[in-house]
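Report on one structure; see the data block that follows.
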Amino acid sequence: MVVGTGTSLALSSLLSLLLFAGMQIYSRQLASTEWLTIQGGLLGSGLFVFSLTAFNNLENLVFGKGFQAKIFPEILLCLLLALFASGLIHRVCVTTCFIFSMVGLYYINKISSTLYQATAPALTPAKVTGKSKKRN
């Protein structure tokens, strides 16, 4: 099921806002045990993915289709937002958020390159059909 760019912008923005609010509401519980701090980093990574999706959809609406997110400023801005939100919970959440975000970014890049990158045809060297001189 594919949604349009505007709908995707609205959904990812709403999910980013709800995830940030949920992280702040349950910050004491997320910081209470080791496993929940790791889960807090995982939630921060989800915030990174949703905010990056919203940011890129906004750019596609403003600048037109085919506009791609670059490392600076889009990815770094969304990563800093997610790391800041995770840092409000616990400092271990920042580390796990960074690790989960980098793994998620790797797979997002891998999937998008297989879907949207055009493959260049393989060039084969042409045979030279000229006459060669015989040397005695």
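Cβ coordinates are placed from backbone N, Cα and C, and glycine is handled just like the others.
With respect to the membrane, THR5 and GLN117 are recorded by Swiss-Prot on different sides. Check Swiss-Prot against the ranges 5-8, 133-136 and you find motif 'Prevents secretion from ER' recorded for 133-136. The topological domain 'Cytoplasmic' (24-34): residue composition by secondary structure is 7 helix, 0 strand, 4 coil, according to DSSP.
For the topological domain 'Cytoplasmic' (24-34), same-chain residues at least 6 beyond its ends with a Cβ under 8 Å from one of its own Cβ atoms are 40, 43, 85, 88-90, 92-93.
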